[in-house]
Amino acid sequence: MKEVQDAAVETGNRVANDSSSHLRLVDMHRHLDRIENCPDVAGEAAERGVAIFCTTVTPYDALRAEELFACCDNVRVGIGLHPWWVGSAAQGSDADPERLIEHTATMAAQNDYIGEIGLDLSPAHAHNATAQVAAFERIARSCAEHPRSERVISLHAVRSTDKALDVLERYDLPRQTACIFQWFSGTADDLARLRRLGCYISVNERMLATRRGREYARQIPAERLLLETDAPEQLDTPYTAVKIEASLAHALHKLAILRGTDEHELGCLILRTSSQLINL
């Protein structure tokens, strides 16, 4: 494992720095606040030239994350309501489900960074599909009614990309904001629709481990391609900045091979796109 991590970090070191920053890699979807030692990891990531879009699962987690990372220039915090958390009170709060949704919508209206929100209609989570759609619609409507020129939305869409796109288009969000589908797993028709609408896709190692994921990674326009880890797999456990960096660097390396392009050039393009999206 150490050899793999060292090789991946060496790959990451080949991504160019600009004159004013050591930033080399950006994790565009990570539950940083749900890492047990998250303040230390954020600081270590900054030292290693890694920035992070911290996507949260409830608005209460977002408030806590904003406090935790207030002094971290390399972290941006998203206002989230993960579909798995829709329909039940937020852990650690006395909010009922409706209040949770309204609180998310209110916070989203006032923020540039939104995520993680969306739909999950896989068998394990389809039982509350109606509640998920209602929550997603409410947050999307709030964003549409309170447009912000630099808003970014990180989206979860499992067996539901078409429905998520229906909601986004209904509120004209692809034109108003940067819509990022993380770990895309939809159909070829969904991908064509995403491309037509100008949406972004963030790619991680697990997406690239599947044949379909690799094929999609070849087809995504380079200027709409981002990197992510979507970690930790188990919330509230320890993690390290080295593992974040290694995962991002390995995904970049595989992407360059899949697309038959220069890794350094691809890394610079993805870094530039990510930096512009979340104002690094």
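For all residues, glycine too, the Cβ spot is worked out from N, Cα and C.
What TrEMBL records for His29, His31, Glu116, Asp230 is divalent metal cation 1 binding site. According to TrEMBL, the feature divalent metal cation 2 binding site maps to His156.
Among the binding-site residues Glu116, Asp230, the residue whose Cβ has the fewest other Cβ atoms within 10 Å is Asp230. Cα spacing between His31 (divalent metal cation 1 binding site) and His156 (divalent metal cation 2 binding site): 13 Å, rounded to the nearest whole number. It is 7 Å from the Cα atom of Glu116 (divalent metal cation 1 binding site) to that of His156 (divalent metal cation 2 binding site). Cα spacing between His156 (divalent metal cation 2 binding site) and His29 (divalent metal cation 1 binding site): 10 Å, rounded to the nearest whole number. The C-beta environment of His29 (divalent metal cation 1 binding site), restricted to residues of the same chain at least 6 apart in sequence and closer than 8 Å, consists of Phe53, Thr55, Gly115, Glu116, Ser154, Ile180, Gln182, Trp183, Ser202, Asn204, Glu228, Thr229, Asp230.
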